[in-house]
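Peer 1: Please find one structure pasted underneath; my questions will follow.
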Amino acid sequence: MAVTQHHAYLAAEPVVATAADSAVLSNAWLLIALPLVGAAILLLGGRRTNGWGPLLATALPVASFVWAVLVLFDLLGRSGAERSVSVPVYEWFAVESFSARIDLLIDPLSITFVLLITFVGSLIHVYSLGYMAEDPEKRRFFAYLNLFVAAMLVLVLADNFVLLFLGWEAVGLASYLLIGFWQYKPSAATAAKKAFLINRVGDIGLLIAIMIMFTVLGAVSFSDVFAAVPGASDGVLLAIGLLLLLGACGKSAQLPLQAWLLDAMEGPTPVSALIHAATMVTAGVYLIVRAGPIFEGAPVAQLVVMTVGAATMLAGGIIASAKDDIKKSLAGSTMSQIGMMVMAAGLGPIGYAAAIAHLVTHGFFKAGLFLGAGSVMHGMNDGVDMRRYGGLASKMPITFATFGLGYLAIIGVPLLSGWWTKESIISATFGYGGTVGLVFGSLVVLGAALTAFYMSRMVFMTFLGKKRWDEGVHPHESPVSMTAPMVALSIGSIALGGFLVAGDRFAAFLQPVTGAELPHFTVGHAFTSPYGIAALVVLVLGVALAWAMYLRKPVPSTAPKGNLVTVAASNELYGNEINEGLFMRPGQVLTKVLLVVEDKVIDGAVNGIGTGVRDSSQGLGRTQTGFARTYALTMLIGAVIVAATLAVRF
Amino acid sequence: MNALYVADGAPPSLPGITEAAPTLDWWLLAPYLVVFGAGVLAVLFEAFVPKRSLRPVQITVAAAALIAAFALIVLQVETVGAGGAMIAGGVLAVDGTVLFLQGTIAVLALVSLMLIAERRDGRDAFSAQAATVPGSEEERRHILAGSQHTEVYPLVLFAVLGMLMFPAANDFLTMFIALEVMSLPLYLLCALARRRRLFSQEAAVKYFLLGAFSSAFFLFGIAMVYGYAGSVNFAAIRAAVESGGAEIFAQGDGEPLLIMGIGLVAIGLLFKVGAVPFHNWKPDVYQGAPTPITALMASCTLVAAFGALLRVFFVPFGGSVEIWEPMLWTVAILTMVVAAFIAVTQRDVKRLLAYSSVVHAGFILTAVIASSTEGLAGAMFYLAAYGFTTLGAFAIVTLVRTRDGGQELGDLDGWAGLGRRSPGLALALSLFLLAFAGIPLTSGFIGKFAVFEAAVAAGATPLVVVGVLSSAVTAFFYVRIIVVMFFRDSEGEGPTVARAGVLTGGVITVGVAATLALGIFPGPVLDNLLPSSETGGEPAAVMIYQVTDGGTTD
């Protein structure tokens, strides 16, 4: 009766899920259920859970992480082709040809995300125990964090686009709740609303893409959709690809839907680290890699993906170079790094492993950098202006050390995590070949130069140079609950990249999903190839330029007037103005027009229908006289109707 | 069958008279005998058991009979098997489908019995002495003396006996007898309300008159069908329909008889399910009858009547779908549209639920029209799901009373602010209403989905469009009740809510549990208890129509 989700192996199609056959896998729903239960207990339990709630909420993602590790080992015990496992969770009902059900898909790609989400998520829960210790609404905060973790896991574990969309919307909701967590601040409330609205634009894209899949391809599950791709027309694939990209742009803050991310920094810093650096904003990259077969069938869409990614990479780098707010500068950096991943994902199979590997290492060092920024803010009375920092290295040695390691990783100092994964992207892009490879490869190198510059600027302005603090600020190191996660993340910043990339370990792990040939990345090649050398040269140049501007010369405590470029950059390249011009004003005009239409046309129609229904109801009600004789007459009329309709033949 | 032997010679193709008495399978007859025996016993108890202990004895007997009947029905599933079985020379026929309906009726009747047995301040929902003139001195004396009608319990048992037979009947005469056995006790029960007695008696008389009227149609229809087919046996009629009627209609001129027969029989059955334009009795009777009896009628009677309707249209008339399809289309559309519209302006909760029941009958009719195994399964699921939900809803109606604590508060305006005063009760009712509206994760959604899916698969898409639009209209008045309960402040004093006793509380709990369980985990019922295409492609293969061992048809 139930419609089976497993489909015959298609030559071009690597995703063939086998059934879950071990206790670890068949109970994989626990991964999601644990944090979800935590959110439910904390939200429904109310004030009673104030005391132990946050601790429970911290323990549950840790438990999910442990389970995810068990799942990983289970997968590693299988051959590559058997690592895609379908886990049936719940069949709501099946009526003949239709089955409504929830299945999870566990494969190397999804388990990578699960491990990233639960590991970084757990650390950030621990960090929040210290960071939010004094907040009266701590319980609500932890409930939302748990909700986010659960929603994000739904997003990456879904085996079809509809469930993915459910997770997609739920992370949006959690993000909204957490950005606006301090809703008494008008700026936070506005930022939350802005993030929500801009994300709606992207979500509509994703939703329409799913509708097209359903109507044209007749399926929404990954395996069925990808199986239908070879038979679909180019136009359909292009449309689906571009709409998926629109969805990815909204969630991952890519041009032109990037404006919300910088404002989202109004949320508590752990939120920025978890949601707006390590996990949720990378969902767009996940979507593009997951929907790889669609994009591979639509080369034009791939080119658009690469262009959007590269443009965002440069725009993010420029914005990050000009912002004096440490979190906004980091947010610009996030945009830039995700842009790089999106671009790599647009390359197709050759870039998938590199994009995801960079996503994972970025998750570690960027979360570490955000936590470091939070630690600095914690010691600086929540000040965020880097012009009022300076010379903090001696006051916060642990923060400095961990932040410094994250810094060295992100700018790509050889043999640290970021270097491995960024070099992978650079070599994959040049390896793509042709003019396209050359142009985008050069742009990535340029992006790397920008990264070196803005990150050096940030470190120099914050930790080195002279102290520029206000009176009454007493910088101090943060408690262990905050520094321990930072230390854990910095270990990832050092070693994870090498572990993943050396010997193509991660690419080989992902191969059954991405279907890519292995990149054969070697250290020697990265040092001797022209682009490897170029990357090292721009790294040195970027750091040197930052040194010349922000360490050699004293940093003024108010921003200089600056030239056209810096003004534009500090205004986020006028992204807000562009959004206002393109969306908001026309939107407002549209709203006004619609208001009139609503008032006159729709309301009129609705009221008309309402009145019509009521009048006809009263009219028909009059047949209910209460007299048995009338009823008998009605039945007789009914008999005539029955006779008439029996006599008529169609 | 002997009585039907036509004097001037039966057509040769008819089964001949068997001189030997039919063999009786006592095991298969047991559920009917248990309920019937208990009813007879209960009447005897009325005469011999002392007044004081009469009520507990009657309740025990009735409950035990229903539980035993249910247990027997469950045990028979094994015996009956996939092919079904004949009882008493083919008078009754049971198979998985019939047993499912009978089991549902037994359980719903048991739950209704809990409502019927409930007492508040030592008084149940029934008149102290129905024979007294309302408002008279004599009536007052009986009330003060604490008289009560324990005859209610045997009456319920007899009605349930009729309901069990109704879907199992394998020929038209048995079906007619079942119809009357089911209806006559209900007419009486409707007249027994403790409060607003004149109103209750008026409802009973109306129900009786119109019921008799519809029975006449039904009986006349049987005569026509017999004239056409030369038999009242369902399988024989089916065979006759497929071969163009009895042999005297060799020229093919018998069809008018068949058409008249189908039409008249249909009127009788459509009256029982309350389809428009044969629905007028429903609001008046549902409102006037004692609420526990309304609950019994809304759940059990509907299941039984639809069981019979499905059987008649799938088995004897299953070969002439093209004749009755336009007729049922018309009735279904009328039912879904007219009832939904009238319900919009209803102010009385019981009347509203009555119209809601009419609309639901329209939805189930779409599954009959599908005329497929899928449709049969959808209708069965719908009936079971709706039965539990509606029982829960009526149980709540019995609790909400006027300020003086007297009668039930039917007027919807009086329900304002109930959500604040009794949030649990209001939430339960909201769940039932959402299930009526067909909101996902309630049983109502699955039921609607199943019947509409079957109708679409059978090519009745326009019907489903009407159904969905009608659902939208009905959702309006269901949600309005929720709005009144939760979002409007009560003017003046508002209703009192009687404390739910163990029995009423139990009914509401069962209703909530069934509504949620069938909504969230419908799988076990859908997969195991209902027929599917694996059981047989044509519904007739599921609802058996073989003749008895002795009889043959061509």
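Quick reminder: no glycine exception, Cβ is built from N, Cα and C everywhere.
Since we're looking at a predicted model, the values are computed, not measured.
Pulled these from TrEMBL:
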- B:26-45: transmembrane segment (TRANSMEM)
- B:57-77: transmembrane segment (TRANSMEM)
- B:97-117: transmembrane segment (TRANSMEM)
- B:150-169: transmembrane segment (TRANSMEM)
- B:169-474: domain 'NADH:quinone oxidoreductase/Mrp antiporter transmembrane' (DOMAIN)
- B:175-193: transmembrane segment (TRANSMEM)
- B:205-229: transmembrane segment (TRANSMEM)
- B:257-281: transmembrane segment (TRANSMEM)
- B:293-314: transmembrane segment (TRANSMEM)
- B:352-373: transmembrane segment (TRANSMEM)
- B:379-400: transmembrane segment (TRANSMEM)
- B:425-451: transmembrane segment (TRANSMEM)
- B:463-488: transmembrane segment (TRANSMEM)
Peer 1: Would you say the transmembrane segment (B:379-400) and the transmembrane segment (B:150-169) are touching, if the rule is that at least three C-beta pairs must lie under 8 angstroms and be 6 or more residues apart?
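Peer 2: The transmembrane segment (B:379-400) and the transmembrane segment (B:150-169): touching, no.
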Peer 1: Counting only residues 6 or more past its boundaries, what in the same chain has a CB within less than 8 Å of a CB in the transmembrane segment (B:352-373)?
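Peer 2: 273-276, 279, 282-283, 285-287, 294, 298, 302, 306, 309-310, 313-314, 318, 321, 325, 328-329, 331-336, 339-340, 342-343, 346, 379, 382-383, 386, 390, 393-394, 397, 412, 436, 447-448, 450-452, 454-455, 457-458, 460, 463-464, 467, 470-471, 474, 477-478, 481, 531-533, 535-539, 541-542.
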Peer 1: Cβ under 8 Å, sequence separation of at least 6 from the ends of the transmembrane segment (B:425-451): give me the contacting residues as numbers and ranges.
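Peer 2: Distant Cβ neighbours of the transmembrane segment (B:425-451) are 356, 360, 363-364, 366-367, 370, 374-375, 377-379, 381-382, 385-386, 388-390, 392-393, 396, 399-400, 418-419, 467, 471, 474-475, 478-479, 481-482, 485-486, 497, 500, 508, 511-512, 514-520, 522, 526.
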Peer 1: Relative to the transmembrane segment (B:97-117), which of B:26-45, B:293-314, B:463-488 accounts for the most Cβ pairs at distances under 8 Å?
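Peer 2: By Cβ pairs under 8 Å, B:293-314 leads among B:26-45, B:293-314, B:463-488.
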Peer 1: Within the same chain, where does the transmembrane segment (B:175-193) have neighbours whose Cβ lies under 8 angstroms from its own Cβ atoms, ignoring anything closer than 6 residues to its ends? I mean 6 or more beyond.
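Peer 2: Answer is 125-127, 130, 149, 152, 155-156, 158-159, 161-163, 165-166, 168-169, 199-201, 203-205, 207-208, 211, 215, 218-219, 222, 268, 272, 285, 288-290, 293, 296-297, 301, 304, 308, 312.
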Peer 1: Excluding the flanking five residues on each side, which residues at least 6 beyond the ends of the transmembrane segment (B:257-281) place their CB within less than 8 Å of a CB in that stretch?
Peer 2: 172, 179, 183, 206-207, 210-211, 214-215, 217-225, 227-229, 241, 245, 249, 301-302, 305-306, 308-309, 312, 317, 320, 323-324, 327-328, 331-332, 334-335, 338-339, 357-358, 361-362, 364-365
Peer 1: Excluding the flanking five residues on each side, which residues at least 6 beyond the ends of the transmembrane segment (B:57-77) place their CB within less than 8 Å of a CB in that stretch?
Peer 2: 27-28, 30-31, 34-35, 37-39, 41-42, 45, 49, 94, 96, 99, 102-103, 106-107, 109-110, 113, 117, 150, 152-154, 156-157, 160, 164
Peer 1: Is the transmembrane segment (B:293-314) packed against any residues at least 6 beyond its ends, judged by a Cβ distance under 8 Å, and which are they?
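Peer 2: Cβ under 8 Å, 6 or more out: 98, 101, 104-105, 108-109, 111-112, 115-116, 125, 156, 159-160, 162-164, 166-167, 169, 175, 178-179, 182, 186, 189-190, 192, 234, 265-266, 269-270, 272-274, 285-287, 324, 328, 350, 353-354, 357, 360-361, 364, 368, 371, 376, 379, 383-384, 386-388, 390-391, 394-395, 539-540, 543.
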